Structures are given as structure tokens and as C-alpha cells.
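The annotation ATP binding site is assigned in Swiss-Prot to G147, G148, A149, G150, V151, G152, K153, T154 on the grounds of sequence analysis.
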Amino acid sequence: MIGRIVQILGSIVDVEFKKNNIPYIYNALFIKEFNLYLEVQQQIGNNIVRTIALGSTYGLKRYLLVIDTKKPILTPVGNCTLGRILNVLGNPIDNNGEIISNKKKPIHCSPPKFSDQVFSNNILETGIKVIDLLCPFLRGGKIGLFGGAGVGKTINMMELIRNIAIEHKGCSVFIGVGERTREGNDFYYEMKESNVLDKVSLIYGQMNEPSGNRLRVALTGLSIAEEFREMGKDVLLFIDNIYRFTLAGTEISALLGRMPSAVGYQPTLAEEMGKLQERISSTKNGSITSVQAIYVPADDLTDPSPSTTFTHLDSTIVLSRQIAELGIYPAIDPLESYSKQLDPYIVGIEHYEIANSVKFYLQKYKELKDTIAILGMDELSENDQIIVKRARKLQRFFSQPFFVGEIFTGIKGEYVNIKDTIQCFKNILNGEFDNINEKNFYMIGKI
């Protein structure tokens, strides 16, 4: 079926078809002359459909011929995507040749049926001490990652990818939504150097691409992750940045003629976010655990975009510049980060009590810092001096050498299981290492 372009509004293109030949919603249309795909969004009457362009509309003109493919946008899925960079259409953009795929999947899929989903309180061991102790990941859960530039978001993501691949025999999918091209490029080459590239699929919709690409690229990556899950794997899904997904939706919504809601966001914000997040779930075959980088506009947590995202999260990890300045990596703030899974019924009484004791010591140390700076340690009570010394040891013990950081630090990476993590922190709290210098706790795995 062939139609003709009748109107172009930025990324929005209106196409007229003959009566009884109107394409379905989400059908892919193709403009051969420009090698450009469109996706049908609305049927607006008079045999006209309104579409999103998944590419630049520069040079398009009215009355160009448009072909209805009679199919939705399909992306290659499976092991053929590992180690490759794909765009929103599932085409490789890494100059490493074509992807030979036996199977393609639509980017718009329904979430698993309730009867197919598996709800468990199983904790996903990451091998990173501070995460496993204070903000454990739920297998199949959703984790929000807050952090500015240069505090270690990328290196943390790379270590998680490595640990899931090597220790759990799983795989990862990284979706760059509105990514800076430089960041995506750096991420690719750093993972190549760290030998984890063959365990991850990369799907990029870069910052310079039209809003249609940035809005749909998350769905392309999600379809690839879902296929790995159905293959029986534990999948770690990274989305960077979930805010830019919302922003792309805002741009498209205005062009589609929808009335904006609070702060200018699209009226369908909650629905769009829900459709994306509901697909991230565990089934009888495997699990998808997602780590989502979240930008908070003007540090306003009540902004509709982050507040809509928060409702879906199980854990929150905050990367702190103050901790990074102390040279403690990963620079995760133990007092700001939290997890709903830190519950005695899920992690056990011992884990819960030790985690709370660690937080108490660190909070007390934080409160005493001003006193120490003015009067010195000697003016503190004997009990407070013990708390401060142990808290400093705990703080340094949160540092950990990463496998993916070996090429930078020269220190061999360490994977620490949850059992060892709990025991080591318990020993520090009990005073078994009170006579050992705090420097000895820096950049080690288990004691």
C-alpha cells in the first residue's frame, strides 16, 4: 500500500492513503528515496495518519511516496546482538558488518501476563560490598542511580556487567537514551579494554538524533533484553538516562497536538513510563533487573518526571562527590542510598541488624565531624572515640578494587559474596580490628 506525504512538522509527518488502505497504529512506513522509516501514531481522519519520523526529516517534501510495510518496527534479538552497537531500528552502527539474525521482534510488546510473572524476594548478589550490605538488589527489581559527572556511574555499570556475566553467567543490555555521542563512544572502548564487551548489547539513541529515535530506542533495547530473559538468562538492563526518555516524549507530544500537563510535560507521562517499566519483570524463564540513571531537574524531586519514575523503583543508589574526593570508590553514599529489600524478612535478621549498625556508626561520625574539626579527637568521650575510629574503618572498607578498573589502578579486582561481606562488617563493629590501622582497610576485598 502506497501513500503520499501531505504535511511535515519537524519530526511529525502526515501521510495520506487511499480509503480502506489505512495503516494500523505502530505500523512502520518507509520512504525509499530517503531510506527513512516512520511509525504510525494516530489516525486523524480523511484517510490521513500522523507518524513519528525515526530519522532526520531534512529534505522531505510533500507528495513523496510512502510505503506501508504492514509490520511494526522489528529489531534483531538474541546472541547476535552481544558486543554490537545498534540504533533504534536494530541496525548496527559500529562498522563491524551486518548482524545476521534468525529472529526479529517488534519493539512494542505487551508486558508478561500476571500468571507468567514470578514474584520473589531473591537478592541478586553483585559482589560489591556497599551495595550488597546496604542497598541489596532485588532479582527482577528496578534500581535508580543518581550521580553527577565524574563520580563513577560508568565504572559501576561496567563492574556490574562484568560480575553478572562472569559470576552469574548472565548478560547485560545497555540503552543510551539521549546519550552524548562522546560518552557512548567512551563506554564502548572502555568495555572493550576491560574484556566485557562480548557480554553486553549496546543500543544507542544519541543526543543529536531526532526525538522519535530517543523516544523509541528504550523499547528497542527492552525487546532485546526480553529475548535474553526468555532464553533463561538473568539480564541486567541499564538505561541512561531515563529523564531523556521523558523529555523526548514531551517534544513528540507537543508536535502531536496534545495539551501539555504540569510543567509542560505530556499528559500521557504516567502511561508512557508505566508501559516501559511494566515490561521490566521476571518470568518463569529468567529475570530482568534494571539500573536506571536518573537526572533530577534543578534538584527538584517533586518534578513530574523523576517523581513518576520513583513510583517504580525498589532501590536507590546515590553516588557522592564528597566520598569520591576522599578517594573511596565506589563513591556510593551509604546514608543516602536505600533499598526496600533491606528488611529482616527478606535479607535475614543478622544482615538487617549489621546494616543498621553500620549506618548508625556512620551517622554518628558525620554528626561529630564538626566537633573533631574544632576541638580534636581528644575532647570526645571514650565511647565516641571508639565509634569514630570504627566508622572511619567502615568507610575505608566500603572501598573495593574493581576488575574493570585493574588497567587503571594496577590492583587486582575482588568479588566479595554476601556471606563474607556481612561477617567482615560484623567483625569491625565488634571491635575485633580496633588495634589495626584504618589504612589497612582501604581498597581490599574481604578481610
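Note: Cβ is positioned from N, Cα and C throughout, glycine not excepted.
With a cut-off of 8 Å between CB atoms and residues at least 6 apart in sequence, the same chain places L319, S320, R321, A324, A331 near V151 (ATP binding site), listed in sequence order.
Within 8 A of the CB centroid of the ATP site residues G147, G148, A149, G150, V151, G152, K153, T154, the other residues of that chain are L319, A324, A331.
Within the same chain, the residues at least 6 positions away from G150 (ATP binding site) whose Cβ sits under 8 Å from its Cβ are R321, A324, listed in sequence order. Taking the Cβ of G148 (ATP binding site) as centre and 10 Å as the limit, one finds 11 other Cβ atoms among all the protein chains shown. Note: G147 (ATP binding site) has non-local neighbours K153, A293, V318, L319, A331, i.e. same-chain residues 6+ apart with C-beta under 8 A of its own C-beta. Between the listed binding-site residues, namely A149, G152, K153, T154, the fewest other CB atoms within 10 angstroms of a CB are found at A149.
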